[in-house]
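J.: Provided herewith is a single structure, encoded as structure tokens, for subsequent inquiry.
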Amino acid sequence: MYWTDIDHSFCESSITGLPEYYNSISSIFIILFGLYGIKSIYNELFVDILYSNLIIVGFGSFGYHWYGNIGWGLFDEIPMILAIFTGIIYVDNVHYLISKSTKNTIVSLIELNYKKKFKTLVYLFAMSYITIINVMSNYRRLFPTIFGCVAAYLYYKIFVVLRLLNPEIKEKVLDKAYYSLITIAISGTVWVSTELTCNYVKSAILLIGHPMWHFFIGHGFYNLIQVVYFIKLNNTKYSLKYNSLYLLKRDPELVDFL
């Protein structure tokens, strides 16, 4: 395998050839949402890692759609794998913190702690395995399916956490969590539908699917990270508000510098 080996099968290249101008330029949205998130003053390592991953995914996606080779393809996909598993581990840690507050015996706390450690091991093992097989040419086309399954599991973990929230926090965050999740799901469905349709119909209107996915995956995950972080704080003195771009920000932002 060489960096320059062609590895590409998207709708835009099948209609207009490489480089894919629409897909490449729209990847910049992912970078911008990551930059907007990482500039916040929140003192939270996981949040910084997730927004940094968003920036790297956008950078890799730009190169992949511009050049269409395997090197840039892996630069796009491997950070996506790292980001989705980092998100799962973060959500699982939030679940642990909420569950921990409900345990009232040493035995139950120890059991919960070991479950958390075991699940972290499983997540990292799965992340490593998926990363390795994604490099192998005979498994390359499985990436969208595998990534979709992992993303579905992340959704499941978020719904589990939402069920544990106290009513006051849930009231502040539930609609915003659903909005983020639905935004990502709908844009992903539109993208997959346009890519599949493109195998049979070569129409310029189908070129909107992938750029739409790039914008809303960045926008949706930016907001989703804010939602999960807000849940982790579990503090009723905060609220989540949308700005003019419909991006979530914690209010007040500077309280306790958290």
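Cβ atoms are placed via backbone N, Cα and C, with glycine included.
Residues or ranges marked as transmembrane segment by TrEMBL: 20-38, 45-66, 78-98, 118-136, 142-165, 177-193, 213-231.
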J.: Could you check whether the transmembrane segment (78-98) packs against the transmembrane segment (177-193) - three or more CB pairs closer than 8 Å, residues at least 6 apart in sequence?
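T.: Since fewer than 3 Cβ pairs under 8 Å link them, the transmembrane segment (78-98) and the transmembrane segment (177-193) do not come into contact.
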J.: Among 20-38, 118-136, 142-165, 213-231, which stretch has the highest count of C-beta pairs below 8 Å with the transmembrane segment (177-193)?
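T.: It is 213-231 that shares the most Cβ pairs under 8 Å with the transmembrane segment (177-193).
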